[in-house]
Amino acid sequence: MEKREILKEIEIKGFNKTLWNKAGKAMHRYNMINPGDKIVVGISGGKDSLVMLNTLIRVKLIAGFDFEIIPIFISKTEKISLEVEKIKKYISEIGLKLIVKSTTIDKIVFEDKKVKNPCFLCSRIRRGVLYTMMKELGANKLALGHHLDDIIETFFMNMFYQGNMNQMKPIYRSEQYGYEIIRPLSFVEEDTIIKYARKAKLPIINIDCKFSSVKLDSKRVETKELIKNLEKKNPNIRRNMYSAIFNISKEE
């Protein structure tokens, strides 16, 4: 596809205010992208990472400077699911090549009965694999698909269940590895992401996991429901929560 065709494929009508402007505002405010950046994009196969990828591609096509986007899919198993081919095909059509890395994460995490939270450990190991690949590729930034709702929910989960006020930041530097982690969708609501993914017909895939039917993340579900119930009484509560979280951050 030519650049104009790719942009037409990505820029679906009705999302200027809810998606592009909000993502652009986050990237501009936190200076997430600079000329010459080599950005690895963590692709999970879910809606968030694919919408984020499209957002970054759009910026690259309309920005007055150049940077590189490298989408990577980390498989939890040595055998790559055939479902991944759908994503590879889609990403190829919009001008990029998906790197697929097989691992033995499933054996490390899911066969150890002592592991209390396999999903958390799996996430940490996958992040480590991405960091290793970033070094090999000479990348300097890692883009993750967390959105506004993720940030709010994580903050309240930490406060309710961990007794701290730690938060997902739109941008931060990993002191251990020396890379910057950016979250371009930090200002975007999950509802917008769902609507865009559906309208764009993104190739969302479901990779089988032995814990997918178990509510290991029940605390997040409870927190999400709590916020929804509060929102019925105050429609502005998400934005107010988000503002409060980052006001706390500024005071620290």
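Each residue, glycine too, has its Cβ placed from N, Cα and C.
Take the ATP site that TrEMBL assigns to Gly42, Ile43, Ser44, Asp48, Gly145, Asp150: the candidate from Ile12, Ile69, Ile74, Ile171 listed for it is Ile74. Cβ environment of Gly42 (ATP binding site): Ser49, Ile72, Ile74, Arg126, Leu130, Leu142, Ala143, Leu144, Gly145 lie under 8 Å away, each six or more residues apart in the same chain.
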